[in-house]
Structure formats: structure tokens, C-alpha cells
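*Asks:* Feature annotation from Swiss-Prot assigns substrate binding site to His97. Positions annotated as site 'Increases basicity of active site His' by Swiss-Prot, on the basis of a curator's inference: Asp121. According to Swiss-Prot, the feature active site, proton donor/acceptor maps to His246.
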Amino acid sequence: MITTKTVNGVQIAFDDQGHEPGPVFVTLSGWAHDLRAYDGMLPYLRAAQRTVRVCWRGHGPDRNLVGDFGIDEMAADTIGLLDALEVDSFVPIAHAHGGWAALEIADRLGAQRVPAVMILDLIMTPAPREFVAALHGIQDPERWKEGRDGLVQSWLAGTTNQAVLDHVRYDSGGHGFDMWARAGRVIDEAYRTWGSPMRRMEALAEPCAIRHVFSHPKIGEYDALHDDFAARHPWFSYRRLGGETHFPGIELPQQVAAEAIDLLAGARI
């Protein structure tokens, strides 16, 4: 059952499952998605550790407008919710640009409380020109739907995976121009501020174990970027999967859950 708590004056929707001791898995979606993005992974995660799935403000069952917010508020809301739930240490599992908030959370709390972070398919380079154009497009009230639809098609990459198609068709609605425009602005600001997620990781006051799990883009240069970063930073690792889409947690839930469990095991050593 999805429940809510009032945190920082807004309703934050979540569910809380599993009772295994130790660090809690905390799932965080990308923009304009909610906790259902982790339905496939949930049985594997909660069997290993207590698992709290969090919806960003305005992303729960109540889709009324909530006013402006960004990464600072996303991080503060998540920390406030976990404090209210008496969660001590935890491992964020964040999809796509939810990863910016996960890194902010890790930076604020330190490695003792956040021993690891797993990010699913976030663009690790500086934002490509065509992606920046798409971010600007979804901020234009005259063409935001066209921009949104173009992004979705790029995420799907022609897949026939039914779980991914069902998620996009049935579980990701309810957001209009207000939320999509905000997503474009906040993501654009993150890349302009930090340059890339890897540079954001390097700025952490106390680095924790971080793993990036993804299936695309399927180009050797992207793997080389990850190899170079991992060679310079022993706390970083990555796993390329054989999926087709931007949604590895939906497309390959058992494999992605296994990566989270392995990451946590390594962080405990």
C-alpha cells in the first residue's frame, strides 16, 4: 500500500517493505515517474534488505501542482522522510536524473549513513547537444509534448520488452507541462553546475561506494570513460548490462537487484 507523510510541508508518498536488518534500500525514480518503476525489482530487494520506495513531491497519488522545487528539495524531502521512518543507514538506488538527488543526499549525510549509491542509466558525460535541446524543448509550452514524446522514444529504443512498454503506457502519466518543464530546467541546471555526474561524484566531501548500471549507449568510448574513472577512483564501479532501454531496473529487474545487493555487500567489507 502507498502511504504518505508530511515532510517539509508537502505530502511525500512511499511504501516500506521488508524487515531484514542493516542498511535500507531506498529507491528513487527519475522525473515524471514514481515508485512503480521498481515493481519488478521489489521482490528481490525486500528479500535482502528492508526497502523504502520514495516518490518525489508531486509524484505520488495526488498529482496536484506543488510549487517549484529542485534537487535541494528532493534531497531534503527524502532525508526528512527517512528520519521520520527512523531509517539509519541506507543505500539510494536512483534511476536516471534522480541520481543527482541521490548524490546530494550522500554528500549531506556522509558515508557512514550512506555507505553506497547505485545509479541506473544516467548520462555520465557532459550533456550532449541534442539532449540539451530536448531539455529546452520540454520547457516550451508550445512544443513540450513533442519534446517529451521524442525523449520517450529515445528511452525505449525500439524495445518490445513488455514490462517497459507497460510502464511507459500505464504507470508514468499524470504529469503536465509544469512538471516536465521543471524537470528540463533542473536537469539542465545540474549539468551546467557540475559539468557531469562524474564531476559531481568527485566533489563529494566523503565519497562512498558508487555503481553505475546501464545498457546504453552501446559505444566503446562510453565504457572507456567508465574504466578511466574507476581506475582513478576506487570507490566507483560500473556494470554494463545487455538490455535495450533506458530502464534497466524494469527491463532486467533481477540482474539490477543483484547489482544492488552486491554493491551493499562490498560496502560492508
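Using N, Cα and C of the backbone, Cβ positions are placed for all residues, glycine too.
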*Asks:* Going along the chain, which residues six or more apart from Asp121 (site 'Increases basicity of active site His') have their CB under 8 A from its CB?
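*Replies:* Within the chain, Asp121 (site 'Increases basicity of active site His') has Cβ neighbours under 8 Å at His95, Ala96, Val213, Phe214, Ser215, His216, His246, Phe247, Pro248.
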*Asks:* Would you count the other C-beta atoms found within 10 angstroms of the C-beta of His97 (substrate binding site) for me?
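*Replies:* For His97 (substrate binding site), the 10 Å Cβ neighbour count is 24.
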